[in-house]
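Take a look at the structure set out below.
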């Protein structure tokens, strides 16, 4: 099976891209520019990146970086162009190379390229007769167009691990999503969930794609929608079976029926995951996002365990929150991020880090980052570190002291257990639930109340007027190797 993941080759070598599949990278056009310079190009076919790696008069050893190693992120006049204005070539020189493109979120290579200099051309591509050509006039060069000369940048193996990667190079970009599409079909790396979420947080929403996902100015948009607006008034007191359910069929993940104080979740939102395409262990994830505004909304910018090695309940296998900000104005100046290893406080939030903002965090876009290392975590926002978690001798003892029964499972792993396995990325939006908001004045439900969800719904006249800018907007997601 083709694994739909992205392996970018920014200043690296040896990081293996994905092969197989029907798409063929077009042949690269190489040109020796008179009196000096090299130009390499391919026609644009909807790519999001073009990379060129080559060596002069020396064969490539597999997927090494080469003397030339350059990623191009923008096409010009219908072509993706690599330019080295300082390359001094002569007739008979031979360039060995490979190219790499990203198309629809997938990476493709053209391997074993060879090209020999048989002629020189002007900047406009016309052939130059070097025996009669006048001294050239150097064109004006913008700083953006300048390219460094050949450099050797060998691959140093990273501690980062990724699905379908035999080798990951230090500092390499191993996943990238810019949300430049216009529909979910354009997101090859993501799968949308369609299900009723349950334990351990029991939020008051269901996940679907019906009206809850969109795209705006290059950003993914996840918005809350009233369930009754999709179905009919009173559906929350009825029964709802989800078509195309991605949860476990025949369970409460796919079917809900109102009974007593329990109702069908009154709000629909969305959640997207890379579970089927990309997961990694150790690295740095950057998410540029604008948080939602509105009472009792919770953004989900998370890393979730791929295999639940240490258990699949009560966060026994861990959850890493890259960032979250509660949507209520009274809470929105405080940013949180970090690990969760239990469903209940005090240990649930004990290791979370926070940062007080001068203004509400949901006023604008920010870059939220989590650095995941073999011995701890760091939380950052806009490049500034606001929290560190040192694993020390492991999390078992502190969890045991806080009566976390599943902590003994972590003794099977390393000091980072349960965060020593692969995790995948999730982006979504949650509503209320029983753990993220403490009971108190102004909160229309009690977390342990038997009628919590219906009390939340019956008080919609209090919270719904605050839902003006409720969308979670994500500009990009990037994962870098250590």
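Backbone N, Cα and C atoms are what each Cβ position is placed from, and that goes for glycine too.
On a predicted model such as this, the values are computed, not experimentally measured, just so you know.
Residues or ranges marked as domain 'CBM39' in Swiss-Prot: 23-122. Summarising the annotation, Swiss-Prot assigns domain 'GH16' to 128-482. The N-linked glycosylation site annotation in Swiss-Prot covers 124, 189, and the record cites sequence analysis as its basis. The feature region 'Disordered' is assigned by Swiss-Prot to 127-153. Swiss-Prot lists 1-18 with the feature signal peptide, giving sequence analysis as the kind of evidence.
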Among the glycosylation sites 124, 189, the one whose Cβ has the most other Cβ atoms within 10 Å is 189
Could you tell me how many residues in the domain 'CBM39' (23-122) are helical, how many are strand and how many are coil under DSSP? 0 helix, 56 strand, 44 coil
Can you tell me the three-state DSSP label for residue 124 (N-linked glycosylation site)? coil
Calculate the per-residue pLDDT averaged over the domain 'CBM39' (23-122) and state the result as an integer. 90
Measure from the CA atom of residue 189 (N-linked glycosylation site) to the CA atom of residue 124 (N-linked glycosylation site) and give the result in Å, rounded to a whole number. 39
